[in-house]
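To start, the structure itself, in structure tokens.
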Amino acid sequence: MAFQCQRDCYMQEFDSCVVSCVPAELKLENNGRKEKLTGFNVKLKDTILFPEGGGQPDDHGTIGGVPVLRVLRQGPDAVHFVSSALEEGQEVHIKLDWERRFDHMQQHSGQHLITALADTMFGYKTTSWDLGRQRSSIELDTATVKPGEMEALETAVNEKIRAHVPVTVNLLSIDDPAVEKVRSRGLPDDHAGPIRIIDIEGVDANMCCGTHVSNLSHLQVIKILGTEKGKKNKTNLIFIAGNRVLKYAEKSYNIEKSLTVLLKTGADEHVDAVDKLQKTVKRLQKSNLTILREMAVLIAQNFKSKPDRGHFFSLHNKDGDNEFMNIVANEIGFQDTLIFMTVGDEKGAGLFLIAGPENIVTEVGPRVSELLQGKGAGKAGRYQGKANSLVKRAEVEALLKERSYKCTAGDE
């Protein structure tokens, strides 16, 4: 069965009828967090909302004013997930999120065009593709591409766009001999009905369920951003098409303007300016590390030179690191001195180190880790780790100081 969205990819509003509405759950991932939503699966007599398939994401839109959160294909049906129930038999008005749909059409038709010409020009077969949110990728069945090939391919695809090549949809029966001549990666196991062929006149005929432009001129332009190493003996071609190219150009220009202000150089000198800055930063970091190490030694020597230094040492250094803390601890020696050190933001996250008599460190380590909302581990008289909050540093210091006094009193 072909849906209305496949018969007319440019239709943005449509009236249909609710065939069924049943309670359902939808699992979503929002900013890396998994969510489970309760709602309803709705089947319509027909739909202009494309169900996910053929490498193309589903459409967004509304049914009777109710937002559609997901559209999936189940056999010959499109299942729309909505948050509110709709009555069976109810006549409903469907509105399509056209900006999202047209973007998908541009990327998908762009993929067909690139796939066809990469094959005819260089013999590179497409094994899979991915329509991403910001850029798309085509997996080519080749370990490497030769210099100049992607530039030639980009020129060729944009020549076809400027030539206003028509794109048509043909429906063939599964036993039609013409089916054997089209590009295909196979049909879903639950496919029913005629075979849908996307025909780019004189360029390609490809079996596909997705939504496509009616003329290559609607792609506007294709930019091949480059290639990346893919799976074994594969190469990923990265591209953007249509409005994404305009957004990419706008974003790139805004970044260029900002860098010009920050670097105080023209765009042609940005790379050299950043290279010089990186070398300067690397040199300063090396110098800073040397100073920090020397300071650690001096801090330890200063503590050891005090006749009344006692058996407890505590220090916080905002700019230190694990190496800094360990240098101080090693210089002081922790066989008979309990050492507590932290680095980082005093009211935020950081690192901590406890060093001293092994029995004491083993006893207090987990408690210190708990107070600093962190995680640590230790052995041989050291316990160190990451602190998610150093707010209770003073409380930890008091705890360790008291423990060191008890130990000293016990020894005496």
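In case you wondered, yes, glycine gets a Cβ from its N, Cα and C as well.
Feature annotations, reproduced from Swiss-Prot:
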type	residues	note
BINDING	His108, His112, Cys208, His212	Zn(2+) binding site
Per DSSP, three-state class assigned to His108 (Zn(2+) binding site): helix
Other CB atoms, at most 10 A from the CB of Cys208 (Zn(2+) binding site): 25
For His112 (Zn(2+) binding site), the number of other Cβ atoms found within 10 Å of its own Cβ: 25
Shell list (Zn(2+); ref centroid = CB of His108, His112, Cys208, His212; cutoff 8 A): Gly54, Gln56, Met105, Ser109, Gln111, Ile198, Asn206, Gly210, Thr211
Nonlocal neighbours by CB distance (under 8 Å) for His108 (Zn(2+) binding site), same chain, sequence gap 6 or more: Gly54, Gly55, Gln56, Leu131, Cys208, Gly210, Thr211, His212
